[in-house]
Amino acid sequence: MNFEEAEDINGVRFAWNAFPSTKAEAGKIVVPTGALYTPLKQREDLPIAAYDPVYCSNQSCKSILNPYCAVDPNGFWRCPLCQGRNSLPAHYHGINAENLPLELQNTSSTVEYITARPVQNPPIFTFVIDLCQDEENLKALIEDVIVSFNYLPPNALVGLITYGTMVQVHDLGSEKINKSYIFRGDKEYTDKQISDMLNRPVAPVLNQQQQQQQQQQPLQQQQQLANSLTRFFLPLEDVEFQLTSLLEGLNRDPWAVANGARPLRSTGSALNVAISLLGLTFPGFGARVMLFAAGPGTLNPGLIVGNQLKEPIRSHSDIDKDNAKHFKKAAKFYDALAAKAVKNCHTVDIFAGCYDQIGLLEMKNLCNNTGGTMLLSDAFTTSIFKRSFLRLFNKDEEGYLLMGFNGTFEIRTSKELKVSGLIGNASSLGVKTSNVSENELGIGGSSHYRLCSTSPRHTYAVFFDVANTQQLPPTAQSYIQFITHYQHSSGTYRIRVTTVSNYLTSDEQSLTNSFDQEAAAVIMARVTIFKSEQDDGADVLRWVDRMLIRLCQKFADYRKDQEESFRLGPQFQLYPQFIYYLRRSQFLQVFNNSPDETAFYRHVLLTEDANNSLIMIQPTLTSFTLDGEPEAVLLDSVSIKDDRILLLDTFFHILIFHGKTISAWRKAKYQEQEEYANFKQLLDEPKQEAAELLADRYPLPRFIDTEEGGSQARFLYSKLNPSVTYNTNEMIGGPGMGGAGGAIVLTDDVSLQVFMSHLQKLVVSGSS
């Protein structure tokens, strides 16, 4: 079974599919013993058990019955993680090889349990809408929000908050008139102040018996309950008409904007009220706060930039030089809001619909820590926003939303391994079990994590520390169990359990054969981004280089000081070029990007699986010609030819590039003449492939159709390996553009060939 087939079954992709047998050996392999795990990986044949799981009775283990458990005829089973002996429930007695329960079958390394515990509240969606935008943008946004109601469960609870200079909380329980409560946009309210201003104490969540008792209470008490904070979140099926009318009646914020000034926008206060109100009303239940912002917050709390246009918004350079005067205070405020949302199991999504930065960098942990969505678009009128927003509500075959709420993620291991940490859109629950390592990597110090929201896209990098110090027999196995509890949109609590086993070895060749260079590159990219959030960019690049040199010194074949003797085996051959493109990527090279763009790109990389992440690191390039089938070509300037069409997929952009000759023929409209039907077909082929890529991608990529010499061709050139540049003398095709030797790239970047040459020199010289 290859690495991708294993991923399709269990949603797990290891950098090393065998672990070093001792802690000392693990310290020498450079790339961490980590795994990429997608808990809600979609599978058509996923085993589903409509009952609660059986747990190991060892309180320090509490793993779940799985196919690796040994079962004896006397009704006992042995846990492979702790080796504890457990009794099976009475209804499991009498099982045999021909009559195994679902979770013990070989095909059930991943299984989902539908538990008997009911969900007391449906999912909750709170729409927080910025009114400081032009009418066209606002109306387009409102239209899409109304369309989204068709995708929500009818019993979903919905709430509405709008903001400009002031914050308005709309009372959906008021039927006769549109009633709302106004909060100042320049004030940070406490939970108690919000509760007091909305006039009533929080209503408790009632079970069926309590509801019957409530119906027998005096009318006065019932009216008090009706005025509780729950009136701001009502079932969509009950208030859809009223909410739609309310949205359609929204207008631009009436507060005047002075010349040379930005609108007074209270983004921070609006988010504070939304997160606090949800926390007061539905703590511990699945909920999303969906922020739609059309510009930066210009009022404290959470001010991103002053309201005078003469004050520029912060850049990467300002932040690096500590010249961004609002940055630290704003980031601290939004981090505190993120912590409050995590505590209450609530998710925050941020949708930006403007050319300006809105402060995503300061607000990033609202999404990163809660598993929320982050989306950048130029306006709410664009298809990037419209289609991406509605794709958030994709459903499964049974019509349920493809999103999990209010989740927890637990990692169990056998005694040979310990959990070092996690990198992904999650938060630590601070549960330090016996299998938690002292050596932290990423979010460490815990084996339990909060997943306020998760989906079939959400992938987490989990890191392990080899705890064993003694040599083990060649047949030694380690076991890992991932347990994900979450609230399903059908109204059930579910548990997704994945159990995997990796062998431990001290044989270097076995380790080499187990190396998955694609997963390793993505895992190292996540570690690099995690480091970038804390360390200087130049230091991070030097660290990346050192790790690559050390890996090659460990696993390459070479003779000391003989560069030409350097050889990498097939398991490692592509890894250096992945690192080369990672070094050049927008994740690390932030010069041409705004801080908001950097936050967005990094957020998406920390969300996606191995294949999608690898496309972000090293984009794919496909060539289309008249006399051949479409084929993958090198991401290199030599791939640009006059008679080619190139399709570039960077994950964030889908670009079709027409070579010089193809472009000239297209401008001459040859494709409209019957005798050139084959040329018309050639022009259509990349469009069809691009449409397939656009169909399921989230967020929707920006589509670019360009040609040699076109202004947007820069998106292609910036991604190509510059093997031919303006200052090289190695051109084959002469001084023109797009000749037989490819195009000249106007850059001072080092080419892959030069990078590899330097790498080889450093490796064979023994330098680090």
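The backbone N, Cα and C atoms fix where each Cβ goes, glycine too.
Annotation source Swiss-Prot lists Zn(2+) binding site at CYS56, CYS61, CYS79, CYS82.
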Intrachain C-beta neighbours of CYS82 (Zn(2+) binding site), sequence separation six or more, cut-off 8 angstroms: CYS56, ASN58, SER60, CYS61, SER63, SER414, LYS415
Position of peak Cβ density within 10 Å, selected from the binding-site residues CYS56, CYS61, CYS79: CYS79
Chain-mates of CYS56, CYS61, CYS79, CYS82 with C-beta within 8 Å of site centroid, Zn(2+): SER57, ASN58, SER60, LYS62, SER63, LEU81, GLN83, GLY84, ASN86, ARG412
